[in-house]
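Copied from TrEMBL, the annotated features are:
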type	residues	note
SIGNAL	A:1-25	signal peptide
TRANSMEM	A:58-78	transmembrane segment
TRANSMEM	A:98-115	transmembrane segment
TRANSMEM	A:121-141	transmembrane segment
TRANSMEM	A:153-173	transmembrane segment
TRANSMEM	A:179-202	transmembrane segment
Amino acid sequence: MNIFRLAGDMTHLLSILVLLLKIYATKSCSGVSRKTQELYAIVFLARYLDLFTDFISVYNTFMKIVFIASSLAIVWCIRVHPMVKRSYDKDLDTFRHYLLVAASFLLALFLHEKFTFLEIFWAFSIYLEAVAILPQLVLLQRSGNVDNLTGQYVFFLGAYRGLYILNWIYRYLTEPRFTRWIACVSGVVQTALYADFFYYYFISWKNNSKLKLPA
Amino acid sequence: VVKGKIHDEL
């Protein structure tokens with residue numbers, strides 16, 4: 001575990017806390033894509049199937065359970081909680097996310113490290129995570145104005161991806177046999193998707209103005 | 001890399 005990986009995990013955790021805080025404090029999920037949240041729940045459930053077969057560390061196991069539980073809690077809030085549910089605007093959240101699920105699974109069937117049940121679901125989760133933010137980014141772009149907490153949620157998610165790239169560079173330089181193409185290439189694609197958002201996030205930060213995305 | 005423990009990241 002290096003400092004970049006730890007910082008990446010912490011910003012990932014922070015992003016989820018910011019999102020939960022937003023939903024809890026405002027009893028609203030306006031600006032939040034339910035589809036992205038459902039994709040993340042699928043990502044964690046598919047990836048952490050190894051919770052029952054492989055033990056890495058107490059830290060890993062704990063974080064896996066936190067990620068699964070928190071992603072399910074967020075989906076539950078948006079789908080079931082009476083007040084939060086009312087604030088969900090399904091007309092803005094129209095991304096056909098099932099296409100992402102289908103494409104990721106198909107890709108995992110062809111591109112995986114081993115042709116086993118766990119490995120295919122692991123690869124599937126990596127591909128799906130890479131594109132899972134798309135419904136959220138499209139929703140933000142369509143609604144134009146982004147509230148502070150939602151903006152910070154996406155910012156921390158992007159920061160987490162950026163830090164994971166630094167982690168891989170560090171591991172590549174320090175571990176003699178560090179090669180993991182699937183995770184690294186997908187991770188770079190995933191981070192690139194945030195580039196546009198980051199550009200406007202920094203402009204609004206520099207000008208001390210509200211974050212606005214161009215239509 | 002220990003076999004079966006390649007996925008040591010989250």
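Cβ atoms here come from the backbone N, Cα and C positions, even for glycine.
Residues 31-33, 35-36, 39-40, 42-44, 46-47, 49-50, 92-93, 95, 97, 100-101, 103-105, 107-108, 111-113, 150, 154, 157, 182-183, 186-187, 189-190, 193-194, 196-197, 213-215 of the same chain lie 6 or more positions beyond the ends of the transmembrane segment (A:121-141) yet place their CB under 8 Å from a CB of it. Long-range Cβ contacts of the transmembrane segment (A:179-202) within its own chain (Cβ-Cβ under 8 Å, at least 6 residues beyond either end) map to 111-113, 123, 126-127, 129-131, 133-134, 137, 140, 151, 154-155, 157-158, 161-162, 164-165, 168, 211-214.
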